[in-house]
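Taken straight from TrEMBL:
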type     : residues : note
TRANSMEM : 15-32    : transmembrane segment
TRANSMEM : 67-94    : transmembrane segment
TRANSMEM : 115-145  : transmembrane segment
TRANSMEM : 165-191  : transmembrane segment
TRANSMEM : 203-223  : transmembrane segment
TRANSMEM : 243-264  : transmembrane segment
Amino acid sequence: MLVNELKRALKSKKFLIIIIIGLLIHFLGLYIEVKDYIFFNYNAPDLQTPEAQAKIKHMIENVFNIYAVWFSIFQLYIVAMPIISALPYSLSYLEDNEYGIIKYIDVRVNHKKYLIVKILANDIAGGIAVALPTIIMTLFIHIFFKGSIDDFYGKGVYGGAYTYLLTYSFWLYSLLHIFIEFIFGFAYANIALTVSAFIKNKIAIMLSPFLFWIGVSVIFNFLNIPQYSTERINQFYIIPTVSMQEIFIELTFITLISALLFIFKSGKRTIYEC
C-alpha cells in the first residue's frame, strides 16, 4: 500500500511542477547573487589597465566560485522549503474524504494501517520534494562551475558546525546538507497533513508549515530564546551553534507530535460522520 501511495504522490504532474518551482527558486537565488557581474561593463575605459584587469579577474573568480554559487541558491529556498514540503501529498487525506475514497479503502484495509501509510507517503514525498531540486542544482553547479575552497569568501563561516567537512569534501558536505533538507521536508509535510484533518481550507493547509515555521521563530525570538527558533534548522549552514542533535530532536518532535495529532483526529469514527 505504501508503494502505491508513493506512486500516486511522485508520479503526478503536480510533483513535476513542484520540482520545477523548486529549481526556479534556486536559480533566482543564484541570479540575485551574480546579476551585478553578468551585466558589469568589463570594457569600461578605467578598467583597461593590467592592475584593474587582474583585480576584476580575481573578483569574478570569487563570485563564480563553485562554493559561492552553491550556497547562493539557498538564500530564497530556505523560506520556500516549508511550503514546498506540503505541496506534493498533504491534501491526499482530505481528498480521500471529499471523494468518499476512504470508505472503500476502510473496507479492505485496517484504518490504523491506512493512517500510518498515509503519514509515511506524505512525509517521504515532502522530503523528496524539498531535497530533489537541490540535488539537481548541485549536479548542475558541479558541471558548470569550478573553484577552490581557499578562494571562497565564506570559508570557515559557511557550513555552520560542519565547516570542517565542507573544507574536506564538497560532496560529503553537500550530501549532509541534502539529507537535512530531506528530513526537514519529511517533518514539515506532516504538519500540513495534520492540519488537513482539522480544517478543509486547502490554501490554509498548504501554508500551515510556513506559518508554523515563521510563527514559532517569531515567538521564541520575541521571548529572547532564539536557540529554540525553528528557522535555525534550515539555516544551520550559517549558524555554527546548530548541532545535528538539535536538528534531529526538533524535527523528530515535530514529526511525532503532528503524527499523533493526525491519528487522534482521523479516527475510524470520522469516516462516517456527516
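Each Cβ is built from the backbone N, Cα and C atoms, and glycine gets one as well.
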Discussion item. Six or more residues beyond either end and a Cβ under 8 Å away: which residues meet both conditions relative to the transmembrane segment (203-223)?
Written reply: 79, 82-83, 85-87, 90-91, 94, 188-189, 191-192, 195-196, 229-231
Worksheet item: Near the transmembrane segment (243-264), which same-chain residues lie under 8 Å Cβ to Cβ, leaving out any that are not at least 6 residues past its ends?
Response: 93, 112, 115-116, 119, 123, 161, 180, 183-184, 186-188, 190-191, 193-194, 197, 230, 232-233, 236
Discussion item. Within the same chain, where does the transmembrane segment (165-191) have neighbours whose Cβ lies under 8 angstroms from its own Cβ atoms, ignoring anything closer than 6 residues to its ends? I mean 6 or more beyond.
Written reply: 66-67, 70, 81-82, 84-86, 88-90, 119, 122-131, 134-135, 138, 149, 155, 158-159, 208-209, 212-213, 233-234, 236-237, 247-248, 251-252, 254-255, 258-259, 262
